[in-house]
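Chemist: Sending over a structure as structure tokens; questions will come in a sec.
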Amino acid sequence: LDWWQADRYCEQRFAQLLFEPQDSEQGSFSKLLQSHHIRGSVWLKERDSVLHRTKRRRGHTVPVLVFRDKTDTKYVKVLSDFPALPAVTACAHLQWDTRTQDIATIFSYAVPAFMNEFQLRGFVDEEGFVRFALIVHGHHSPYLPVFRADGQWHHFCVTWQQENGTWAIYADGKRRASASGLCSGGTSAPQAIFGQGTFIIGQDQDSLGGTFRAKESFSGNITDLHIWQRVLSSEQIEKVRSCWLLEQDLVFGWSSNALEVESTVQAVTTQLLCPGPVEECRVLEVGSSGFSYASCLQTLPFICLYSKDAYWQLRRAQLESSHSLASRVNSLAVRTVIPDSVFTSDVQDMNFSVALDTLDILATVLRGGEVPVLEPSDLLTVLQLLKQVSDMEIQEGDELEMLEQLGHYYMEVTELILEEQNSGTWSSISQVIRGPMAVVELCDRMVSLLVPLLTPERTKIMIQHGNIGLHRVTVKNMWFGYGSLQRCLSGSGASAVSQGTAASAGGQKSLRTAVGTAVISSTLLSDFQEISTSVRYRLQHRAQVPGGCNFCVFSLFLLHVSPDAGGMWSTAGCSVVMSLPDSTACFCNHTTNFAILLQVYEMQQRTTKEEFTLQTLTFIGCGVSFCALIVTFILFLVVRVPKSERTTVHKNLIFALAAGEALLMFSELAKTSQVLCFMVTAFLHLFFMAAFSWMLVEGLLLWSKVVAVNMSEDRRMKFYYLTGWGLPILIVGVTLATSFNKYVAANHCWLNVQTNVIWAFVGPVLFILAVNTLVLLRVLTVTVASARRRLKMLTPNSSLENQIGTQIWATAKPVLVLLPVLGLTWVCGVLVHLSIVWAYVFIVLNSLQ
């Protein structure tokens, strides 16, 4: 499977895609795979990384057929022998001529026995949409809208199969229409499309290969037509749209040599921009035990990984099950919709109609009390079904009223499995699903499927069943009644977690806790994509503690949900604005602070107060520093300071440092865009690297003043500019060239710590600091010796106390002046991972540099 399918396959079976083996495991692991005759590449899931299906566009040069006007002469004949087609898929890129609203024939396939054997026709409706209709054996589908008549290139696919006469029309990667029964000849089963026919592009054939009519001809541009003798899946159609050629069962592939082009049809070459996945996914090379990357859409072997406890708990649940729920649901559905085993079942991608029917039946069975208490295997199969439904892709041809009904059924099933009588069942599968918080994440995914329901007229969706509901506008809020989660949390059998029990990322695992409010999940969306921004909201307290004490939240905890972990509470990024007896106002934000610049290790999660203090210090320090730098720069220009090496170096240092600090203060705004965040990271790297390079130049300039340097001023300035700007550009360029896909950190617009890209900044900085330390020591030696000589000449009879004071000042003055100029205060930056105190010191010293 491809990486996405493999990851979903494992997750739907309560496992995880195999993580990257540790160094000590690689050899034995490769031997294990080879003993099972697994060779080549195997998919891996990178630790602590999240893949997003971001898209890029790549060029694809193809010959295009130009049908300039509707005529009865222009046509193109496909020079291929067509076999009988029990199933067919035809795909192409199309540019529709919007000047006419007459019916146009994109292609027609005729056989001696039947002229309208297989045909695609279309026209532009009054609302500006191109409508397609498919004809098979003379039977006509309705004309349905597929894309806008906007004069742009659009990709389309049509599929048909003999079994049930099922057909579908896709446009731009989405299924726009589908049904069954096309060309079912009365009571008889549909026949295959006959072979050895004539395929014509741009005309309707009224006789075999001829007798065209201008009124039904095609006007526009067409390219990249391919025909297969099978029905392609949605994933395969997406690959074809991304300009991947699927050669299996290909009947005709687009080629100028396989076309007979009528002389008035113009053939030109153009470059299509095809969408395609930008990401590459991690793979293990079995033979060499090495790691590499491959396109995430490749189909490769994969391994699902279980913890031993979870595996045996799943096994026990299967062996001890009576399968009462599965039997009842399957008998009502008159087919197998809930499998007997979560291991052996072939979990198919759920489609819309199957999901609707299955959840309807399941809700009926659970609601009716036919299965009073869910067995562990029942609960697991219901959760597996909910995972499948939440992983669906809703197609635009689906009925929106039915989509809302699907949301109602989903929420009802979720509420029913959280009933009080099932709390013991949740406890018995605690190793597989660590608590009912996993349901929160499944519902959160389901909410996102309801996007098509939102319109300018309907800006709000409200679905509620018992303890569970969702409220969706631009902000996606989803809440669970505290009672439903509290029952199952309390029954999970886990003891309350002590203050010292830490989970990963500094959070605290808590399976027995009090749910204080009903708000559980909140997500901000823009254009259906999650965005990162600050948010302020108020939580209503559910109760007051008996005995007169007001129930009050003093610190806010965020729930980080993973599919199998059940949830983890963390205080990161949130603070309490106001706490009243009946409610608490909260502010959540995630921003970059100055201390991450030289942070070479992943940090333990800091408290809300610590994060807030770091952010405040960063903004105050950088703001003050930026203003001071700008004022200084202006003064250099306005008061006409005499031009010298020193002022030139100062100006360049000021510019680089000001640019870096300005970018840092507003870098969080770029997190919403992957491209923008990448650019901000690159420029931050460049400007801070330039600032350090000019600090190095400051050191070299000082060295030239205290040590004779045999070089003219012009040559020195050229060398300084080469060091100040040439060195940073070289470092950033080499880093981008060698680590393009590993450049940016996951949570900030800054260099990646996990992939060691951070050393492309920290390494040169440490070198510069070492050089400048030598410069400072040399300057101190000279100034102290000079001060001693001056003191002896001017006041030879001064007291010992005065001499010591003069010597201390002679030492302290250059240190205080030169530490920030040479950047030596940054040395403490490599210590910020040791203690929060070092982070405070670092920010104060360097944001105010």
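Here the Cβ of each residue, glycine as well, is placed from N, Cα and C on the backbone.
I grabbed these lines from TrEMBL:
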type	residues	note
DOMAIN	61-274	domain 'Pentraxin (PTX)'
DOMAIN	445-604	domain 'GAIN-B'
DOMAIN	614-849	domain 'G-protein coupled receptors family 2 profile 2'
TRANSMEM	617-641	transmembrane segment
TRANSMEM	653-670	transmembrane segment
TRANSMEM	682-707	transmembrane segment
TRANSMEM	719-737	transmembrane segment
TRANSMEM	757-780	transmembrane segment
TRANSMEM	815-843	transmembrane segment
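Describe the structural context of each listed feature in the structure shown, including burial, neighbouring residues and relevant distances.
Modeler: Within the model, the domain 'G-protein coupled receptors family 2 profile 2' (614-849) carries an average pLDDT of 82.
Through the fold, the transmembrane segment (653-670) approaches residues 532, 590-592, 594, 597, 618-619, 622-623, 625-626, 629-630, 632-633, 636, 676-677, 679-681, 683-684, 687-688, 690-691, 693-695, 697-698, 724, 748-750, 847, 849 of its own chain, all at least 6 residues removed from its boundaries and within a Cβ separation under 8 Å.
Within the chain carrying the transmembrane segment (682-707), a Cβ under 8 angstroms from the stretch's Cβ atoms is held by residues 597, 645-646, 649, 652-653, 656-657, 659-660, 663-664, 667, 716, 720, 723-725, 727-729, 731-732, 735-736, 743, 749-751, 760-761, 764-765, 768, 771-772, 775-776, 778-779, 782, 818, 821-823, 826, all 6 or more beyond its ends.
Sequence-distant contacts of the transmembrane segment (719-737), counting only residues of its own chain at least 6 positions beyond either end whose CB sits under 8 Å from a CB of the stretch, comprise 645, 648-649, 652, 656, 682, 685-687, 689-690, 693-694, 696-697, 700-701, 711, 743, 757, 760, 764.
Sequence-remote contacts of a segment are chain residues at least 6 beyond its ends whose Cβ falls under 8 Å from one of its Cβ atoms, and for the transmembrane segment (757-780) they are 597-600, 685, 688-689, 692-693, 695-696, 698-700, 702-703, 706-707, 727, 731-732, 734-735, 739, 742-743, 751, 811, 814-815, 818-819, 822-824, 826-827, 830.
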